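Some features that TrEMBL has for this protein:
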TRANSMEM  12-31  transmembrane segment
TRANSMEM  43-67  transmembrane segment
TRANSMEM  87-105  transmembrane segment
TRANSMEM  112-133  transmembrane segment
TRANSMEM  153-175  transmembrane segment
TRANSMEM  187-205  transmembrane segment
TRANSMEM  217-235  transmembrane segment
TRANSMEM  255-275  transmembrane segment
Amino acid sequence: MKVLFWIFDIPVHFFGVTIAAGVLAGIWLIYREASNSNEFNQNTILDMAIYMFLFVIVGARVGYILFYNPAHYLQDPLQIFMIHQGGLSVHGGIVGGLLFGIWYVKKYKLDFWKLADLFAPALILGQAIGRIGCDVFGKPMETHRFWGVVYEGVLVHPAQIYEVILNFVVFFILWEKRKVKNYHGQIFLWYIILFSVNRGIVEIFRVNPTIVGELSVSHLLSLIFIIAALIISYFRKQEGALLDVSNNQFGIKKILNLIIVVILSLISVFIYYSVWGGWVA
């Protein structure tokens, strides 16, 4: 993993910094949204957010071990705790956070779907920021492209930045939809579907364990997530829990939000290429 700097004898990794930044950004956004809502106690939601992100990290680690390389960790169980060496699964992180969320809302008698909608934009924002520092590059480029990155002497696809940009697109969609959703749970289910589509696209450019042909483990997990979200969405609509929504016009505020997301994307691209060596001439 890329080391940014050292604190005495302790390395500070690029991925660790971006994950921390993503977690903090997500928690801040959740707290901001809870503070602007009359339905939730912001301190209760803040506590939930902090613990949930911890469970997301744990779930991401467990998911990676189970989905991608269980045999390796069975042979050397101590490697399970070497999280600083890499090995996180976003799908596992979603499952870990979801399981904690279900337990938490039952304990405190909160509305699961309303909270899921509150958390969804923050989750994808955290993923976008966190992915900047990931050191899992894409496949070698068959044709020279200026945006490629030279990794270990080979020109490869910057798969991380592909996913960062796509995640920011999803963040904008969810952020704008949250005020005009058609039913409680829609924003979260859109998050599951859109992120899974993103991951399926990016997976084309990555090198991961495959199941059949070009179908990777991540493709299969994304497909399962999409199908599950579509089924749940169907039943949510059948429950008759549709909401009255206001006219969602493309106004000045939406344009400003779009500009902010574009700026965040450009900053992410700049940071990524600054650390990994810049554009290829």
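Cβ from N, Cα, C; glycine included.
No curator has checked TrEMBL annotations; they are predicted automatically.
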Long-range Cβ neighbours of the transmembrane segment (87-105) (under 8 Å; 6 or more residues past either end): 48, 51-53, 55-69, 111-112, 115-116, 119, 123, 127, 192, 195, 199, 218, 221-222, 225
Contact set, same chain, for the transmembrane segment (12-31): CB under 8 Å, 6 or more residues outside the stretch: 1-6, 42, 45-46, 49-50, 53, 57, 84, 86, 118-119, 121-123, 125-135, 275
Contact yes or no, the transmembrane segment (255-275) and the transmembrane segment (112-133), 3+ Cβ pairs under 8 Å, gap 6+: yes
